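Beneath this line is the structure, given in structure tokens, with notes to follow.
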Amino acid sequence: MDCRKMARFSYSVIWIMAISKVFELGLVAGLGHQEFARPSRGYLAFRDDSIWPQEEPAIRPRSSQRVPPMGIQHSKELNRTCCLNGGTCMLGSFCACPPSFYGRNCEHDVRKENCGSVPHDTWLPKKCSLCKCWHGQLRCFPQAFLPGCDGLVMDEHLVASRTPELPPSARTTTFMLVGICLSIQSYY
């Protein structure tokens, strides 16, 4: 690839990322649903849960509206009961958790995160789909992935464990992004 093609390609990637971010912000601001306002659990799976608060706001306040952080010298004045499940509060905002708990406030119990006999963070085939046990819930893909399955998954027993369907606006955004990617790919 010569320099011009490489430059066009990098501009295209930046353009796609900018468009997808605009659509993502539009979805978050327009839907008003908590599950779309926060990052998905799959996104959090690659990050430490102690970094992200459990109720992250969709739109962050301006820096002028934030409360200034307290210094370490004021830590004796902070609330010492910030941790759950017997965790020890450190500097008013961090927790040292007992062995079977984790999270910013020791709110996650490893012992309760299994899905019956299926351990947490384990993939398993279920009918014609793939499912994953995540924080005590079995989440299944609605598409057929396994060999020998021709159509959509017939999962009358898994309705409660499926992830929610995307609203029409999110589906439109997805198809629009795919179209943009395909048109850029055909350009090269």
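Every residue, even glycine, has its Cβ placed from backbone N, Cα and C.
Looking up Asp150, Asp155 in Swiss-Prot for GPI-anchor amidated aspartate, the annotated residue turns out to be Asp150.
Candidates considered were Cys95, Cys97, Cys106, Cys115; the recorded disulfide partner of Cys133 in Swiss-Prot is Cys115. Within the set Cys89, Cys95, Swiss-Prot assigns Cys89 as the partner of Cys82, by disulphide bond. Listed disulfide-bonded residues near Cys82 (disulfide bond): Cys95 (candidates Cys95, Cys128, Cys149; Cα-Cα distance within 10 Å). Between the alpha carbons (Cα) of Cys83 (disulfide bond) and Cys89 (disulfide bond) lies a span of roughly 6 Å. In this structure the C-alpha atoms belonging to Cys149 (disulfide bond) and Cys115 (disulfide bond) are separated by 25 Å. A count of other CB atoms within 10 A of each Cβ picks out Cys131 as the most crowded of the disulfide-bonded residues Cys89, Cys128, Cys131, Cys149.
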